[in-house]
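What Swiss-Prot says about this one:
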TRANSMEM  1-21  transmembrane segment
TRANSMEM  50-70  transmembrane segment
TRANSMEM  76-96  transmembrane segment
TRANSMEM  112-132  transmembrane segment
TRANSMEM  140-160  transmembrane segment
TRANSMEM  176-196  transmembrane segment
TRANSMEM  200-220  transmembrane segment
TRANSMEM  225-245  transmembrane segment
TRANSMEM  250-270  transmembrane segment
TRANSMEM  300-320  transmembrane segment
Amino acid sequence: MLFILAVIALLITFILVPILIPTLKRMKFGQSIREEGPQSHMKKTGTPTMGGLTFLISIIITSIIAIFFVDNSNPIILLLFVTIGFGLIGFIDDYIIVVKKNNQGLTSKQKFLAQIAIAVVFFLLSDVFHLVEFSTNLNIPFTNISIPLSFAYVIFIVFWQVGFSNAVNLTDGLDGLATGLSIIGFTMYAIMSFVLDSPAIGAFCIIMIFALLGFLPYNLNPAKVFMGDTGSLALGGIFATISIMLNQELSLLLIGLVFVIETASVMLQVASYKLTKKRIFKMSPIHHHFELSGWGEWKVVTVFWTAGLISGLIGLWIGVH
């Protein structure tokens with residue numbers, strides 16, 4: 001059944017993207033590029049965005065099919081809720097930017113409050129209504145230490161889901177970068193899920209992998225379409241949710257290490273400039289620093305993919321031991 005789900009997810013995305021691209025162009029749903037960014041990116045102005053709709057539709061359709069064939073499919077239902085919730089926030093943000101011609105999109109406060117609402121509902125569905133059972137203890141790898149958080153765990157969930165949804169969003173600045181890293185990350189979690197006897201989560205990860213594989217050829221440099229906030233916010237929220245449901249939260253710090261580094265580079269850059277009026281990097285997120293240092297876009301992407309693969313394998317090893 002997993003093979004059938006994988007094929008369905010792959011085909012839906014692969015078929016939808018070439019249909020959506022001319023539609024987005026006709027509707028003038030093109031990406032605007034920051035003038036202060038690398039000059040090589042200016043040629044990307046007008047590239048269709050909101051392409052994340054294609055793999056989100058694929059994930060939703062294929063997951064609904066999976067619910068009827070996978071034993072104990074409650075985890076898939078919960079992951080679908082997170083997918084739709086964070087995807088909807090991203091879609092509204094993209095819509096305001098592209099259609100309303102407001103480059104700010106949703107305000108930080110609006111986006112943050114919406115993300116918090118989804119995280120809280122996720123906690124209620126899982127812990128209070130017992131849609132899915134998981135521990136509210138935070139396990140420390142390689143130790144017998146388990147920190148009981150009880151209802152404070154909802155604060156952790158908010159921090160984790162909001163943090164990683166925005167981390168993937170920050171990383172999605174080069175053609176294929178976030179898509180490739182996500183494929184690597186979900187592959188690690190697919191393996192971990194089956195090893196830890198969580199086949200429903202594993203099935204969802206398989207769906208994620210193949211839905212993204214259908215999108216990747218169109219997103220590689222030179223990208224024919226960008227996933228937009230529609231895709232990136234959803235991917236980050238899903239990563240955080242899977243790590244929570246497997247009770248392997250801290251594994252995401254390694255499986256999603258590149259996302260963490262990208263986010264840290266932005267935070268350090270902002271803090272440094274506010275405190276010293278000096279910048280640590282030529283530009284943040286850090287992938288732009290390497291571009292401005294003379295690296296080609298494809299080189300940055302492949303090096304970051306490699307780093308993500310290595311750290312992901314380490315995170316997988318820690319997660320299953």
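Residue positions begin at 1 at the first shown residue.
Note that Cβ sites are derived from N, Cα and C of the backbone, with glycine treated the same way.
Model, not experiment: these values are computed from the prediction.
Taking residue pairs at least 6 apart in sequence, the transmembrane segment (176-196) and the transmembrane segment (140-160) share fewer than three C-beta contacts under 8 angstroms.
Only pairs six or more apart in sequence are counted, and the transmembrane segment (1-21) with the transmembrane segment (112-132) gives fewer than three Cβ pairs under 8 Å, not enough to call it a contact. Relative to the transmembrane segment (200-220), the listed stretch 50-70 leads the set 50-70, 76-96, 112-132, 250-270 in CB pairs under 8 A. Nonlocal intrachain contacts for the transmembrane segment (250-270), taken as residues 6+ away from its ends with a CB within less than 8 angstroms of a stretch CB, comprise 138-141, 160, 163-164, 166-168, 170-171, 181, 185, 188-189, 192, 236, 239-240, 243, 279-281, 284-287, 289, 304, 307-308, 311-312, 314-316, 318-319.
Between the transmembrane segment (112-132) and the transmembrane segment (76-96), the number of CB pairs under 8 angstroms, six or more residues apart, is three or more, so the stretches are in contact. For the transmembrane segment (76-96), the list of distant contacts is 29, 49-50, 52-53, 56, 59-60, 63-64, 66-67, 70, 102, 104-106, 111, 114-115, 118, 121-122, 125-126, 131-132, 161, 165, 169, 200-201, 203-204, 228-234, 236-238, 241-242, 245: same-chain residues at least six beyond its ends, Cβ to Cβ under 8 Å. Sequence-remote contacts of a segment are chain residues at least 6 beyond its ends whose Cβ falls under 8 Å from one of its Cβ atoms, and for the transmembrane segment (176-196) they are 168, 202, 205-206, 208-209, 212-213, 215-216, 219-221, 223, 227, 231-232, 235, 239, 242-243, 246, 248, 251, 255-256, 258-259, 287, 300-301, 304-305, 308-309, 312-313, 315-316, 319-320.
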